[in-house]
Amino acid sequence: MKKLLFIIFILTVFDAVCTAAGMLCGAVQEANPVMVQFMAWHPGAASALVCAAVGGILLGLYRVRSRIKWLFSAMTAVLIAKIGIAVIHVMWISQVI
């Protein structure tokens, strides 16, 4: 479980950095309607805030992992989604470069 949550965190950081960089250079737009407002404020600060929040949530989930039977399955689904998002970022980066 620890490795799974760590990989989710790393992919979250990758997503945040790519999104902030892409927005700052005008190559991408934020797709999440909630994050649009935060990214409009300051992409770098919003990304740092998201990473800190996700890290805290993942740490909390790790601490209660034995009490939530379906947590591993749910986090596996999150991992699959995060991998999909990372692939999208790699695709637009390869088009920009």
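Cβ atoms here come from the backbone N, Cα and C positions, even for glycine.
All annotation found in TrEMBL is predicted automatically rather than curated by experts.
In the predicted model, the domain 'DUF5658' (7-94) has a mean pLDDT of 91. The domain 'DUF5658' feature in TrEMBL is assigned to 7-94.
The feature transmembrane segment is assigned by TrEMBL to 44-64 (among others). Long-range contacts of the transmembrane segment (44-64) within the same chain, counting only residues at least 6 positions beyond its ends with a Cβ under 8 Å from a Cβ of the stretch, are 1-2, 5, 8-9, 12-13, 16-17, 19-20, 24, 35, 38, 71, 75.
Taken from TrEMBL, the feature transmembrane segment applies to 71-93 (among others).
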